[in-house]
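Pulled from Swiss-Prot:
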type	residues	note
BINDING	D74, D76, D78	Mg(2+) binding site
BINDING	C75, C91, C98	Zn(2+) binding site
Amino acid sequence: MAFLPKFDSAGLVTCVTTDAVSGDVLMVAHMNDEALRKTIATGEAWYFSRSRNALWRKGESSGQTQRVVEMRTDCDQDAVWLRVEQRGAACHTGRHSCFYRKVEMAGEGGARLVFVDADRLFDPAAVYRK
């Protein structure tokens, strides 16, 4: 059976990335055809930045890399799931996961954010020179 990803109108597939050991969701990103091919060829996670309109290898700026342990696709082949060995933080904010805020539903349609697992593993200002 062939892997034939179905890219959206922008040429992207959604990628969910989890820690191969803990199962924690680390991040959700996007891949274009080139990012997908480079990920398969190198065993390192490559993504496509919609905001920068550019291909990027996870960790090329921060050193916080992802080695792919397993790649899966969903039933429609329009999304992929990477199980990775995360070295350092996955989030550009310096946190282990991009999902470091819990949404507490306050009733009456209201909600608020509460920080969980919010410790920083690195200082993004120092790493990215922002």
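Please read every residue number as a count from 1 along the shown chain.
Glycine is treated like the rest: Cβ placed from N, Cα and C.
For C91 (Zn(2+) binding site), the same-chain residues lying six or more positions away in sequence with a CB closer than 8 A to its CB are L26, M27, S97, C98, Y100. Looking at D74, D76, D78, the binding-site residues in this record, the fewest other C-beta atoms within 10 angstroms of the C-beta turn up around D76.
Of all the binding-site residues listed (C75, C98), C75 has the fewest other CB atoms within 10 A of its CB. Within 8 Å of the centroid of the Cβ atoms of D74, D76, D78, where the record puts Mg(2+), the same chain has further Cβ atoms from K6, T73, C75, Q77, A79.
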